[in-house]
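Shown next, in structure tokens, is the structure this report addresses.
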Amino acid sequence: MAAGPRNSMLLVFALLSLPWPQEVGAFPAMPLSSLFANAVLRAQHLHQLAADTYKDFERAYIPEGQRYSIQNAQAAFCFSETIPAPTGKDEAQQRSDMELLRFSLLLIQSWLGPVQFLSRVFTNSLVFGTSDRVYEKLKDLEEGIQALMRELEDGSPRAGPILKQTYDKFDTNLRSDDALLKNYGLLSCFKKDLHKAETYLRVMKCRRFVESSCAF
């Protein structure tokens, strides 16, 4: 299968290089509105990165004639679909902020292990030679969500449901069709889960701080 366009690969690298509002691990005491704004921005960057990476992998390795049927088969692939998390904005609006934060945290934590193997999936080092930075950005978002949970509960941690299952590692054998389909499915789930986390955070932010950006 043909290699993906260099320009699209450079786009993903550029997204990885985007500055964050705070350095990794930096969540000092700040107003609740700022905590939400920072977490939403981080989630948006990660979701965009996941979406572009999925499209790059698709163009590079998945024949166009097979994409539709494979995408339909992926509908029930993500194990995150087995937890009672809202599937969209309308459902999210029916949940409490703490519920949405817990679901967001579960989704982020489920990818902390798998993303460390992304650099072995793409031979182009410009894309995932910096996969450790993807991991750092996920850890940063995890910390931001935990900061919000502490703030909303006055610093008293509260145990939530634990997602014991995590996603498989990405397969590095790109000469195998089965491995390509597995990686394609994992990237699809990565994109879906980050979209959910972004949606939950935006719903909470808009619910607490009415603003023009609430229309999404």
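Cβ coordinates come from backbone N, Cα and C, glycine included.
The Zn(2+) binding site annotation in Swiss-Prot covers H45, E198, and the record cites similarity to another entry as its basis. The 10 Å shell around the Cβ of E198 (Zn(2+) binding site) contains 25 further Cβ atoms across the protein chains shown.
Per Swiss-Prot, the feature disulfide bond maps to C78-C189 (among others). Reduced to three states, the DSSP call for C78 (disulfide bond) is coil.
Here Swiss-Prot flags C206-C214 (among others) as disulfide bond, drawing on similarity to another entry. In this structure, C206 (disulfide bond) is part of a helix by DSSP. The number of other Cβ atoms within 10 Å of the Cβ belonging to C206 (disulfide bond), over all protein chains shown, comes to 19.
Residues or ranges marked as phosphoserine in Swiss-Prot: S131.
According to Swiss-Prot, the feature signal peptide maps to 1-26.
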Neighbour tally for H45 (Zn(2+) binding site), based on other Cβ positions within 10 Å of its Cβ: 20
C189 (disulfide bond): tally of other CB atoms within 10 A of its CB: 23
Spatial neighbour of C206 (disulfide bond) that is closest, considering only the recorded positions H45, C78, C189, E198 and their CA atoms: E198
H45 (Zn(2+) binding site) versus C78 (disulfide bond) - Cα distance in angstrom: 21
